[in-house]
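Asks: Here it is: the structure, laid out below.
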Amino acid sequence: MSNNVATRRSWLWFLWTPLNAVQRAWAGVAGVVVFLVCLQVLPLTGAVDPKHTPPLSEVISALVSRLATPQFWEALLNTLTTWGIGLGISVAIGVVAGLLIGGIPVVREFTASTIEFLRPIPSVAFIPLAVLLYGTGRDATLLLIIYAAVWQMLIQVSYGAQDVDPVARDTARSYRFPKGFTLINVVVPTVLPYAVTGFRLSASVALILAITGELIIGTPGLGKLIVIAQESGAVASMYALVLVTGFLGLAVNVIVRMMERRVLHWHASVRREGMK
């Protein structure tokens, strides 16, 4: 009995003990390996229907075949182009509107109710309107991306503008520092961490909506290829393209995280993360 209690306590200690950086990395690798093994074994053992969920080996074979076709690379370029344009417009609108709303109390009060009304509306609800206005072209998907991604940037920048130290701002005004000096040395250091967080969130949302628009509207890109593969019964190819979208999302997140560490190397949160 005592041995069982000791074993249970040791397992609880193992599960609840914080992991260092190396252990976290190995835990992540182990999780991926287990997931991939399940993808291969479950269809082969009949636990899932291989007609609907082919084994990983077939998916990888289909992926290799896809990589050799120009249609795949054209679709990937279309997806990245739509994502990049939508993200750029969303960031530009979000930064300008966020600074105005967060920095000017009258504007903040004037727009608060409108923002709270519009923000919860899912962007996919605008698909009929987007198709009506722009057809199945890129502009329809851009409308969805901009509507969904702009809120992440706007809200974060607005919070950052509200968080600017009023004492520092009043001091700069008292000494009659130029507005450009105040902007660069007082406002930007406060707003930048919020803006980088908003950019990271907007980048992920923009990619999701880019692929969603391709899936539903039919805008050229990876999403449209997924629909074509599904309709033609090429299940393994469909899953291969889904994996590509997953890797694409992972790559976007990693790149944005690297950019965040570089831009905010001076910030306390980044320094704490580097010490873990």
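In case you wondered, yes, glycine gets a Cβ from its N, Cα and C as well.
Remember, predicted model here, so these are calculated numbers, not experimental data.
As listed in TrEMBL for this protein:
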| type | residues | note |
| --- | --- | --- |
| TRANSMEM | 21-42 | transmembrane segment |
| DOMAIN | 76-260 | domain 'ABC transmembrane type-1' |
| TRANSMEM | 83-105 | transmembrane segment |
| TRANSMEM | 117-134 | transmembrane segment |
| TRANSMEM | 180-197 | transmembrane segment |
| TRANSMEM | 203-222 | transmembrane segment |
| TRANSMEM | 234-256 | transmembrane segment |
Asks: May I ask which of the stretches 117-134, 180-197, 203-222 has the most CB pairs under 8 A with the transmembrane segment (234-256)?
Replies: 203-222
Asks: Near the transmembrane segment (117-134), which residues from the same chain, at least 6 beyond its ends, have a CB less than 8 A from one of its CBs?
Replies: 140-141, 143-145, 147-148, 151, 155, 209, 212-213, 216-217
Asks: Hey, which bits of the same chain come close to the transmembrane segment (180-197), Cβ under 8 Å, at least six residues off its ends?
Replies: 95, 98-99, 103, 153, 156-157, 159-161, 163-165, 168-169, 172-173, 259-260, 263-264, 267, 269
